[in-house]
Structure formats: structure tokens, C-alpha cells
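See below for the structure under consideration.
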């Protein structure tokens, strides 16, 4: 495709034309169904400029047409359609059948059509199901069914009878799919029927099937009911007709024909001879042929003395209930029945007006009914039957009790499920209440626990204590509380096993359990339901209340409390499945993650509504008899989903008195749930919302109003397991201090029972560390009955997320919400301060703060360097070179701004950088202020150099800003020592000597600055007599200004010099003081002299020989400071002490006419020789001075 597009572009140019357009499918192919061997066309039309090329693909592969293979049966038409000369289709090869798509391409792209399927129509020969012969009775429906041969498209079905198409316009005939249904068949419908399957390939006929229409048996004479005397003979007639001729037989209902005393005669009648009482019953004539059967019955009654058929039963009833005593009799003639209370003279007859406020009545069938029973109604009641053949009587006992007399014991708190390790002790609690006080017995696995084992003891409060547990102590322990009112039980499982030294707390603390709800109140009552409401307790315990459990008690239902509802989420619930006309009591318990609360107060007695069968005109004695005779058989349940089952059954001996069925089901060992099927003809039902992975027990019971039949044989089935749909509850994580590792204890509670979806086999525990470097995870799997575990080897300081999930045979269930925990370092309490600081320094917040602070400091330092360099650049615009003339330096005084340099070097050296940068840095303490000197700080504005032959004094006189009174400019100036001003200046100061290394001492005088504040150039008077100055002093050692090249190099290492300037100390790289200094003539002997290195000095004026200085612009680049040797390394000439007058002869061999440059040259050659002798004494912190 890419090659084709490239070739096309090469033909038309590198750019597409504006009038060109990408392909577009304007006609898409359609699905086709074609017969084998027939031609077919798949249409496809595309537009585009240039005209697109159309290709076809079948099932993703390109279709070969006649353009590639002239022998191909596929042709690509000019329009782009694909034409098949014939459709090729075989059993093994199906080259033309498939999904086609056409693709139109030009250099601008391609367009793909919609998929179109080409299918080959077929019709097989063999019918998948042929119709069968059918025999029906006239009037009944007939159904004939066939499944046509396989074909494509699917064949349609029609029918022919005797080679004539069946007219489906007849309203009795319906053809649906492959079925032919004829309702209300007639003799004329009989014949040979053929099923015809048709599609576009053709049609196929099935094998013929015959429909035969017969007539069912019909009675001409039926047997009738007869009454005979004992030992008489009786005949039952039975005459039947039908096609084919039916056969006739006799049977006796509920028994057998009397052996040796019955005869079936030629006219099919039945004769019984010497009838007896046991011959009484119903005799049935059965008629049957190939299309049906019919039956008719006649009853035989034999006069006998009265007999009690249904005897009354002793009953115990609560006050206010209705009691019915049955008394069924038989005899012929029927005996008269009446009732009498033992000890009473009152007789109660049927149809007699009600007596005793209308509470006693006798039905026509002889049943005694007592409504609103009172306690005084207790006693024996006698039923008597009398007829001409004799009489008979029977009696029954009635006991009436109040509800409070029969309330069974209530277990407030029972044993909880526990998992303990061997050797520990277990306490299984059982706190009960009741009136009278119930006794407590314990059972293990259904067997009573005897007191022979000294490890087992029963405490006064009912708690069972087991010490020194053994694995054989494992089992289900049941607390049974019993009294005269009944008994109640509560079970818990104790598991004793080795589990790593861990155990689940055996009993929740009382404060962790919720408080009991308030007394339930009845808000609605029906025949089989009661609606209750209650208020929760303000105390929820250690966790929120998740649901409620409702228990009920009824004397008619048993002598124990039964759970009738659980997992109730709201404080209102309707209890269903109750019996009509029954008194119930209710209690409610709250449930949270730690267990059940104590029961609520008992509700007021409530009676369900009653619908009396006698009020409906129904003989309930007959109802009860027929329901008792019914037999319901359950079939094996069919699994629909993991939580639903289909239940089906059949009924033997169907009764007319049946309203429906009650399906009763429960988890094995649990309480029964009930589902009603209200259609008497229904034979199946679906039970939904079952617990997954649970074994159920199910049975069915027929009912009519409040009457119930016999339960079917119960069946058991198990729903399949699924993964738990809820996470474990109450997941808690606590740290555990062990000597050798960091650990946490994880505990949890099982998921809610209804969400476990099976038997929990194990729990999975994940401990996930979120440290991106270590990703330290710890996972564990524990047994399903273990609810706690210990995770070891956790790293201190790492945030862990703990999750727990339950596991069934179906897999891992829902994870719990992550619980975060950080293991603290146990050595935190013992670590040193430095280790604690180290831990703090490692924290990201601290590192970020230090980084920010460093950035601020760096920015401030950069600004400081910038300002410092800028200032030096401004101050170092000029450099000076010396000619030898006496000079004097004036300090600033006490507030000298240049680090308190003494004498001449105490002045600001801004305009004399070769002096300032080569003087040693000394830490001078002056007026409690410590200042330091930076020796290489100047910046120079121009590399140009010049000399001012007039001397530095002439230049300074022209620039007043550099006078000695200025605090900002240099205090170095040159004066004529013979001038009158110099002598006046010297006379103004008192002399204080300061030691200085050399051959003589000099003194410094403190200047009087009292008049310098507002005077720019004050006139100063000399103090005392002038002292003779030596012919030379320490100025002799001062070097000339550096060469331009050296100054250029100084700037290249400016940054290093500034850093070294910050780190300078007494051993700074600046040169030390000269070895000797001499007093000038005309100055006091104790005149000023530079101080020793490292010692403080007082600001004063210093004198030197007259010298000539010229100012020259400083070069832009400084010289290499580290190349300058110390001044104390220079060889100084031993100059004799100067005389009073200074002249050329006193200069120690220097000619008066010798210029400063000549002196520099002579000294320079001597300096070079010394440098050659000590080449390795260069220091990177020193500047080189040429002299």
C-alpha cells in the first residue's frame, strides 16, 4: 500500500491535488444466502479521485478473481462488485462461504465497506425427529411433533393428512413450530399425517404417522350406596360402554375385597355375602380401554353398635385461647353424641344454644369447642355416643396455664466460639434467668459432661471452666438451661490446637457487647405474622450495632425459645410463618462485632388471628382426617444458581381440602424458614436467597387454613460455595514488642454469616510496606478457625497497610479496608542525641527545609560577593608606582574603616592595590572591634598604565576626596619632610612606643580628631621636638606596582581569592612586615613604626623617606597572588642609622638622581635570584611581589 501510494505520488507530484478525494463507499454489500451452484453478486460501489481500486477480502484474506486467474469463477466487475459464476460448496471445502468486505484505495487512503456474509442454502435429507403414531380419545387434544432436517435457511413446517395439506384455518388446528395440535378431536380427524419441511432449496416429506381416535369408557349403570344389616348379601351394579370395549374390575377403597365372600358376576356386578362390620366402606367399579379409564363408587354401611373413631386428646392451653376436643364416632344408625365436664351435671348436645356466656358449643359432628379459655376450665371432658345398637364414651384432660407459668429459661449470654492453645484455661460462660431458677447442664458433642475429670468444673454463675486444655477437649459445647417451664440451649465451639502461641480472647469484655434493646411493641397482627418495633439501647459497646435477632416462644410450638428472624437491620420487623390463633412472646437481641447483647424485656403476649373453619361451613374433622391421609413425596432439588433451588414434589391421595403447601427449609441445625405455595395444583417452587456453601434440610407440608397435613420425608442438599462477599470484621492491628524483631498482632472477626458463602477454610493476611526502596511485604495464611496472627520481621519506620480476606473453596473473598501501622524503633528511648538528630536529618521535611535555607544563603552570599566586587572595582581604578621620596601615611583614627591598619598601611589602599594586596593580613583588635584585611580585593577598570612624574602629592592635592580627613578615600599621601607643615604635624602628637622587629624602635602618636568631624582638611600641629629619622625605613621594602600581565592573572583567580579571603587567619597569604625599619631624620626616636604581625596597634601617623609616586590606571586583571613571596624573604641591606639631615649621601649608596624605576630594576634582579634558589616555596594563597 505504501509502495503504491509512493508511486502514485511520484506520478502526480509530491503534493495531492485539491480536486482529488479519498475513497468513499457509496454502496455497501449485503448479506446473501444462495443455493449451491447458483450465481451470486456482492455489490460494492466506491467514489474517489482518482478512481479508487477495489479489492475484496473474505475472512481477512484477499479474494482471487478472474483478473489474477482467468479460470477463477469469481469476477470483479468494473463497478467494483464481485460476481460468482456459481457458488462452490462441499462437505469439506467451502471456498465461497464466509464474510466478505470490499476495500477501495487510492493514493489518498482507503475505505472499507461493511461486512457482508455469503451463506449457502442447504436442506438435509433426514428429519431430526419424525412424527409418531398417536392414539387419543374423542374430545381430547392430539399433538403430533416433528423436527425438520437441518437446513439453511431454517426450513418451515407444514402438514399433510392423507396427502392433502392440513387447513390450519380450522380453529381446532394449530401449527406451531414443528407441532401439530388438534383440540377436541373427532373421528374424522383420524388418518395418515406427513410433516413437510421447506426452504429455498426445496421440500422434504417425513415418514407418515397415524392418528387414531377412540372413545373412552362411559357408565351406563353406576353402583349406588347401600345400607344392610350384618350377615346380609349386597349387590353393586356396574354397566359400561366404549371403543374399544373396556375392561371392568372392582376394588374396595382403604382395604381389600372380603376373601371368599365376594363374586363378580357376568353382568360385571359385584356381590358380597354375609357382610360384616369390616366390610363397610366404599366399593369402586373401574372401567378402562386403550384411550382412557373411568370409575364409579358405591358405599356400603352395616348397622353396628356406636364406635369412637376419633378420640379427644389431652390439651394444655394458655388463657384466652380456643380449645377444640374431637370425638369422632361411627355406627348405623349414627349415634347421638353429647359432652359433659366431669363433676358437672350440665350436658352439652349438638345444636344446643351456647352456654356459660357462649364459650362452650358442640358441633353436629360431636366436637366440643371452648373459646376464651379460663383457668377454671381445667378438668376432664367426657364424650358419649348412643344409638339403638348401644353406647360408648371417652374423655380428655384440659390444663389451662398463664403465659408466665410456662416461659422457658432464657440464656442471657452463652458460650462463644474460641480457639485456644494446649495448656491454657477456657471459660465457657452460661448466664441464665427464669422462673423458677433453671438448672444448668453442659454437653460436649451431644454427650453430657460428667464430673469425673478434675480439670472441668462448673462455677456458681454457670460458667464451665476447663484447665490445662488438651487437644481432645475440642468440640461443640452446649449449655442446657432447664426448669419445669422447659429448656433452652446455647452452643459454642472450642478448638484446642497449636497456633504459634496465639489465642483468640475467649469471651468479649462486657463493655464491648451492646446493651439490650428496649421492650418490643406489637404494632400489627395477622393470621400468620406479627409486626414488632423496639428502641435501641444507647450503649452500643465496642462497635456499632450491625443487626438484631428476634426470638419467639409459643406453648403450642414447643417448650423452648426459637429464633424466628436474624440479621434484622432495622428497629422494625414483621415476623412471618406463625401459626394462626396462637399466643406468642418475643424478645430481641442486638448484635455487633463482639457478640450478642442480653435479651430485651419480654413482649406482651400477642395472639395471631384465627379463621374458624366452622364459620366457613367446613367440617374440620373431615379436613383434618383427609390432610392426615395425604402423602407428599419430595423430588431431588435442582440447583438453579448458587443461592436458589427448584423444589418439586408429587402428591398421593389428593384431598379436596387443600389450599396449598408450606415449604420448610433451614440450614442443618438452624431454625426453619417457611415459603408458602398457595396453589393446590402447583407441584414445584423456587427457593431463593439461600446462603451459599450451606447444607440445607427441606420438607413440605400441605395445609388448609390453620390445619396442616403430615410433613414429607426431609431431604438435604448443599448450595455451592463462592468466594466470601464481605471482608472480615473488626480488623485490629497492635504492635508487639519482641526481643529479636519488630512484630504486629493482627486480629479479626469472621465476615457476617450470610456473606461467608461457604465454609471458611483459611484467612489470608497481607502486610504491605509502601517504602519505594524496600517494598517489604509480609503475607501469611492461617487456618479458618484462627482469628489472630503475629507478623514478624517488620522494618521500623516503614508505613505498613494490613488487609485480611477470608478464603473458601471457591477462592479469596473481599479484602478488608487497609489498617495502617508504623513500627516504632525500640532503640529510640536509648539512642544518643546524635543518633536522634541523624534520624531527624533523614526526614524529607528536614532535608527540604535545609535545601531551602541553603538556597537563601547562597543567594545572599552571591549578592554579597557581587556588591563587594563592585565596590572594589570602583576603588581600584588607579594604581601607583613609586619614586623614592619621603612619605607619610595618616590613619583614620579610632574609627578607621580599613580594618585598623597601622601607619601607612592602615590607610585605605583603594588607589594603591599593589600595597594593599601585598600587606599581611593581621587580626587587629582596636576599640573591641576585630577587623581583618583582605589583601587582594581591588578591581581595575582599565589595563592602561601611566606615570605622573609630578608625584603622588600633586595628584592628591588635586583630589580632595582622598584627603586624610575622608573616611572613604585613602589616607596615604606624600609630603615634603623639610616642609614646615610636617614639623607642625609632628609636634601635635605625644609619643607612645610600640615594639616592632628590627634594628630600631619607632613610636606611634594618637592623633587629635576632635576637630576633624566638620573640617575637611584640618591643620595639625606637631607635638614635641622632631626626632631624627633613619636614612631608610620599612618603606624601602615596598615593591613597585605589579606588571600589567600579573594584574591580568589576578582577575582569573578572583573567585578562589575571595573564598580564601573568607578563610584567612594569622597565616594569611599576604606578605609579612619587613625585617627592619628605620626612623627618619627629623622625627622623634620613639616615633611611629608598624606593629609586629598579629599584634594590635594604635592608629597613628607614620613617616618614611621622601618618595615620588605616580598614579596609573590599574589593570583590569589582577596578578597571581600566590606567586608573590613574603617580604621577610627579601634580602634587606644593612643601612646605617640615619643622620640628622637627609641628603643624597644618606641614602646608602643610592644616587640622588636615580629614578624609582632604576631602583626597582636593581632590586628586581636581586629578588629573581632569591626566587630561583627557593622555587618550591610558592603558596597558592600568596601574591608574588616583584622588587
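Cβ atoms are placed via backbone N, Cα and C, with glycine included.
Nobody curates TrEMBL annotations by hand; they come from automatic prediction.
Taken straight from TrEMBL:
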- 990-1004: compositional bias 'Polar residues' (COMPBIAS)
- 1097-1113: compositional bias 'Polar residues' (COMPBIAS)
- 1115-1129: compositional bias 'Basic and acidic residues' (COMPBIAS)
- 1158-1172: compositional bias 'Basic and acidic residues' (COMPBIAS)
- 516-611: domain 'Fibronectin type-III' (DOMAIN)
- 631-722: domain 'Fibronectin type-III' (DOMAIN)
- 727-827: domain 'Fibronectin type-III' (DOMAIN)
- 990-1025: region 'Disordered' (REGION)
- 1063-1187: region 'Disordered' (REGION)
- 845-867: transmembrane segment (TRANSMEM)
The domain 'Fibronectin type-III' (727-827): DSSP-derived helix, strand, coil residue counts: 5 helix, 52 strand, 44 coil
Just to confirm my parser: what is the rounded mean pLDDT across the domain 'Fibronectin type-III' (516-611)? 88
Count up the helix, strand and coil residues in the domain 'Fibronectin type-III' (516-611) according to DSSP, in that order. 0 helix, 41 strand, 55 coil
Run through the domain 'Fibronectin type-III' (631-722) and tell me, per DSSP, how many residues are helix, strand and coil. 0 helix, 50 strand, 42 coil
